[in-house]
Amino acid sequence: ENHFTLVGSLLLKFKRKSNGKDYCIFFNSQWARLPQDLHKASRLQIYDLTTSVLCSPSEVPEGGFPNRIPMVLRGNCTFYEKVRLAQINGAKGLLIVSKDRLTPPAGNKTQYEEIDIPVALLSYSDMLDISKTFGKGRLVAMYAPNEPVLDYNMVIIFLMAVGTVAVGGYWAGSRDRKKRYLKLKRDEAAEKQDEETVDVTPIMICVFVVMCCSMLVLLYFFYDYLAIWVIVIFCLASSVGLHSCLWPFVRRLPFCKCRVPENNLPYLQKRPHVSMLLLSAFCVGVSVTWMVFRNEDAWAWVLQDTLGIAFCLYMLKTVRLPTFKACTLLLSVLFVYDVFFVFITPFLTNSGESIMVEVAAGPSDSTTHEKLPMVLKVPRLNSSPLALCDRPFSLLGFGDILVPGLLVVYCHRFDILIQSSRIYFVACTIAYGIGLLITFVALAVMQMGQPALLYLVPCTLLTSLTVALCRKELPQFWTGSGFVKAQDPAPQERPTTENADEENKSN
């Protein structure tokens, strides 16, 4: 006989057979569990009752649903009322057809204890396809395949994260060396072209952490109102980041060297290069394209990751931690922040969900169903029937790249200062990669979202500290005093008052 299968595990899918078809369902294992193996799932007959919502005994057909699975419409009463009527009348499960977005059917603890048959939601379009494809006498098997925690996409995330940290750290350190050299040479033209950098102070760190905590809590309670603003800010920031990353390459191209004609237009009075304007338009176009098609799971993640990596590289080039003391303070405070919002907040929320995980993945009860773009995301690459319901992604937050990345930048700057063979930079980058691998292992063992900084911060901080101790350079490494000394000009090159003022202003 023709049959079809329903697959579930909070997201439910179907396994395709030669004479069957797979469909996606959403179920809640607290009502009743489904077998993980299709071969252990019972094939039962569907009772098509889609002309009814099954909210009262009068809607139950004569004879009930013995050893069958009724398929009814959603609405007019609770899930519990529907499934209770179905169970009393001999049903072995219940399929509720919904025209709205599918969500796991919820109840309360008392209701869960009373019900012992599975209940799941099926989309209205799938119900029509089932009726058209299989007609009457349909058999259905409902099961919930086990989704592996680790996937090949972890390799891609690992390469993107470690690559971003390594490139950002190397680029920012090399740029800092060039800037210091140009200051000693008093090259004012090069100084004007140098991008602005921000040295982080302890006060700024404290303010930043308070803002992070406040924003995360606000997003948890007002997600639907704030998510779109986060998306807009991401578009603007990533456009700037992409422009910053591409401009060093574009300006070396042998064409479009001309400048904008003389004019009185705002932002164009300085006659920028035409190539710069074209690049700006391109970067804005990429961001707008992502924003318009951000929910296209098949390919929009590529644009999001590209923009995200560009944003991270821009931040690593722009933001500097002046001392290892500042690095330790920032990483330690964010270590506590990450652990608290992942592991502690489930004990404080009514739903028992982690605030960090809820915000990162998007609340299940969100009406807009928007996802925050502040993550690198790669779809799972293993073949799984769960892909019928939704394309599952693995995520890594930008903070898990930027926070340790700032320490990697500091290590490279210190390497340049003491003229070492980049021992600090290489050691810290390798430590970051090891910390990320430990995070993946913890994810597989605990099978729950992990605060990556729990593993990244100790790996990077302790490794940098160990290298400094072994090389007996901890005092200089801790205070960063050498950076100030390196920027002082030689006595024979003592600048004029005007140039000194210019240097102090640029610093």
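Heads up, the Cβ atoms here are built off N, Cα and C, so glycines get one too.
Curation plays no part in TrEMBL annotations; they are all automatic predictions.
Quick look at what TrEMBL lists:
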DOMAIN    64-129  domain 'PA'
TRANSMEM  152-173  transmembrane segment
TRANSMEM  200-222  transmembrane segment
TRANSMEM  228-250  transmembrane segment
TRANSMEM  274-293  transmembrane segment
TRANSMEM  299-316  transmembrane segment
TRANSMEM  328-348  transmembrane segment
TRANSMEM  393-411  transmembrane segment
TRANSMEM  423-446  transmembrane segment
REGION    485-507  region 'Disordered'
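Among the recorded stretches 200-222, 228-250, 274-293, 328-348, 393-411, the one sharing the largest number of Cβ pairs closer than 8 Å with the transmembrane segment (299-316) is 228-250. For the domain 'PA' (64-129), the number of residues in each DSSP class (helix H, G, I; strand E, B; coil) is 22 helix, 16 strand, 28 coil. Counted as Cβ pairs under 8 Å, contacts with the transmembrane segment (200-222) are highest for 328-348 among 152-173, 228-250, 328-348, 393-411, 423-446. If you look at the transmembrane segment (393-411) against the transmembrane segment (274-293), you find fewer than three C-beta pairs under 8 angstroms, all six or more positions apart, and that falls short of contact.
The stretch with the most CB contacts under 8 Å to the transmembrane segment (228-250), chosen from 152-173, 274-293, 328-348, 423-446, is 274-293. The transmembrane segment (423-446) makes contact with the transmembrane segment (152-173), as judged by at least three Cβ pairs under 8 Å among residues 6 or more apart in sequence.
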